[in-house]
């Protein structure tokens, strides 16, 4: 993808660096991104459908709107030309993942590393990345027949946990899969592409880190946990009724809670983050840029298992607006992921380093 990056950098070269717009698709964490850009003095552009426009108008975070009928219109040359005319740097989030396979058609400077986003959405490549980083991981089952003990079944892409389920045997896998298909939570193709991991009992913790090429350091910006349907509702249903109703919990993410971790556990998170960043430089030049999230579980012995990584901003960072304990300690001012991204772009522009942040 080196030739593609050269094309992107050529577009960036023609930009008026004094009049950059920060842009993103109007969903996921756009409020975070656009507000952060405005806090750092940038003009902003929101690419959204007419229906979603009212959200970003009501919060006053978008200076300009580019209205599309579908987010895939972002790949349309006329839309891209309009954004290039505004000197737009795109900030990717989870809603961009649906278009990753078509990134070759997206000739716009994007903050971060689009090749790492491809690694993120490919389960096998993501696991290779994590294994090479030396992190502790749950066991992977290659096929349902290998399942022994509790296992969680997941699907490719950023589905927000939709349709994930837990099983304890091959028979249960096929039984619940059929049930999920009937409910419309997953499709037949999803079952074939499912990833089956050992289910570690423990506390799920999501670390939102930032790698700064300007400072050459890893920063912890926020920590969160997820509020999931229907898993987090089961505590309200008596055990007898759960059995009688044959309830199978699902893990669709509805929202997020902020978390402050025991300080002694942070070293495991930083070691994992540093290893992941180092390996990223080997697998996809120039390596990690900006926001990334390490999704983990701490077991009863407080050992950290990493089960997933996102090479971009995640929605859990929204709990850190206007600041989190970690970002405040580091910066001594209100700082959250959207603002941290914009701050990096501003610093890089001042130091003539923008090319190191863009792919």
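Positions of Cβ are set from backbone N, Cα and C atoms, glycine also.
Secondary structure at residue 184 (ATP binding site), taken from DSSP and collapsed to helix, strand or coil, is coil. Among the features that Swiss-Prot reports, ATP binding site is placed at 144-206, 228.
Residue environment of residue 308 (Mg(2+) binding site) contains 18 other Cβ atoms, counted within 10 Å of its Cβ in all protein chains. Positions annotated as Mg(2+) binding site by Swiss-Prot, on the basis of sequence analysis: 295, 308.
As annotated by Swiss-Prot, domain 'ATP-grasp' applies to 115-346.
Distance from the CA of residue 295 (Mg(2+) binding site) to the CA of residue 152 (ATP binding site) is 14 Å.
The separation of residue 308 (Mg(2+) binding site) from residue 200 (ATP binding site), Cα to Cα, is 13 Å.
Spatially close to residue 168 (ATP binding site) yet at least six residues away along the chain are 147, 149, 150, 151, judged by Cβ distances under 8 angstroms.
Residue pair residue 176 (ATP binding site) / residue 295 (Mg(2+) binding site) shows a Cα separation of 25 Å.
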